[in-house]
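Trainee: Sending over a structure as structure tokens; questions will come in a sec.
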Amino acid sequence: MRSWPFAKGHGTHNDFVLVVDRHGLLDPTDDDVRWLCDRRAGVGGDGLLRAIKAEHIAGWDGDPSLWFMDYRNADGSVAEMCGNGVRVFARMLLEDGLADGPEVPVATRAGLRPVTLTNGGYRVAMGPVTVEPDAVEVTVGGEGSAHRWRAAAVDVGNPHAVVVLDDGPETPSLTSLDLRPAPRWEPAERFPDGVNVELVEVVDERHLRMRVHERGSGETMSCGTGTVAVAAAQAATLGATEGTWRVDVPGGTVTVELADGRAWLTGPAEIVARGEVLLPG
Ligand SMILES: N[C@@H](CCC[C@H](N)C(=O)O)C(=O)O
């Protein structure tokens, strides 16, 4: 049995188990991550956020004294970035006295992501975003209820495929789609390491509603990098290089600002529990 102090938190109901591992001694295995994220046997979460000093991360060539967010999906796989997670991560560091506000620079596999505590929530500088319209075909739903659409490939540090639903009479509503089976995409080589798939309803030009199937976690109530991806895909459709978008997800609402190929994400971050978890083994 191993006993680890942990916190549980969420950003627009995208939920995480958080552990502080300053010197990189915990080294969670894939099985540990799956167990921690298990909603019946473990603590439960869409992913694990491990805070480790960047000096222990091979390949990090920035300031070694920064906190590095080691993000793992619920299935144990590693991801480059998590837009909701990084806000919750910054909040935990601030609450624990491990960082000074109002700006917390967080090292991630996608690069530096500064998080600033503002009146409207936690604002994250999300870095560069690129959009390739109509790059893949995505199939959503199981046999008998499958739909196929063209999707934009969007890079927010991690990969996304964004389907914007039209308002034609044959188009199913966002809420009716079955996101339990993992969406498929073609050509498969376009995303060799998997992809997060967002489905979007346009409420108006600057207001979007989305659902997401996350690589490594399944359908979640929100995905911060996904909200940036859908805003960027919509901006590309409009021919806009800057602006502010409201994005509604099943777990709440966030704001995405875009300017000159870069993005900022603002939303809530909550810590809901702290304790000691007893890992098997
Ligand atoms: N929920 C996150 C994204 C987490 C990583 C993603 N599943 C991936 O594998 O790329 C977010 O809020 O951005």
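Even glycines carry a Cβ here, placed using N, Cα and C.
Here the structure is a predicted model, which means the values were calculated and not measured.
From TrEMBL, for reference:
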ACT_SITE  C82  active site, proton donor
ACT_SITE  C82  active site
ACT_SITE  C223  active site, proton acceptor
BINDING   N14, N73, G83, N84, N158, N196, E214, R215, G224, T225  substrate binding site
Trainee: Give the maximum pairwise CA distance in Å, whole number, for the residues N14, N73, G83, N84, N158, N196, E214, R215, G224, T225 listed as binding substrate.
Mentor: 17
Trainee: Give me the long-range Cβ neighbours of N158 (substrate binding site): same chain, 6+ apart, Cβ under 8 Å, in sequence order.
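Mentor: Counting only residues 6 or more apart in sequence, the Cβ neighbours of N158 (substrate binding site) under 8 Å are A79, E80, M81, C82, A110, N196, R215, T225.
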Trainee: Work through the recorded positions one by one (C223, G224) and point out the residue whose CB has the fewest other CB atoms within 10 angstroms.
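Mentor: Checked C223, G224; of these recorded positions, fewest Cβ neighbours within 10 Å: G224.
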Trainee: Take the mean position of the Cβ atoms of N14, N73, G83, N84, N158, N196, E214, R215, G224, T225, the recorded substrate site. Which other residues of that chain put their Cβ within 8 Å of it?
Mentor: G47, A79, M81, C82, G85, V212, S217, T220, C223, G226
Trainee: Under DSSP, is G224 (substrate binding site) helix, strand or coil?
Mentor: helix
Trainee: I'd like the Cβ neighbour count for N14 (substrate binding site), meaning other Cβ atoms within 10 Å of its Cβ, all protein chains included.
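Mentor: A 10 Å sphere around the Cβ of N14 (substrate binding site) contains 30 other Cβ atoms.
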Trainee: Taking only the Cα atoms, work out how far G83 (substrate binding site) lies from C223 (active site, proton acceptor), in Å, as a whole number.
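Mentor: G83 (substrate binding site) to C223 (active site, proton acceptor), Cα-Cα distance: 7 Å.
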Trainee: Give the sequence-ordered list of residues that share a chain with E214 (substrate binding site), lie 6 or more positions from it, and have CB atoms under 8 Å from its CB.
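Mentor: Sequence-distant Cβ neighbours: D46, N73, N196, T220, C223, G226.
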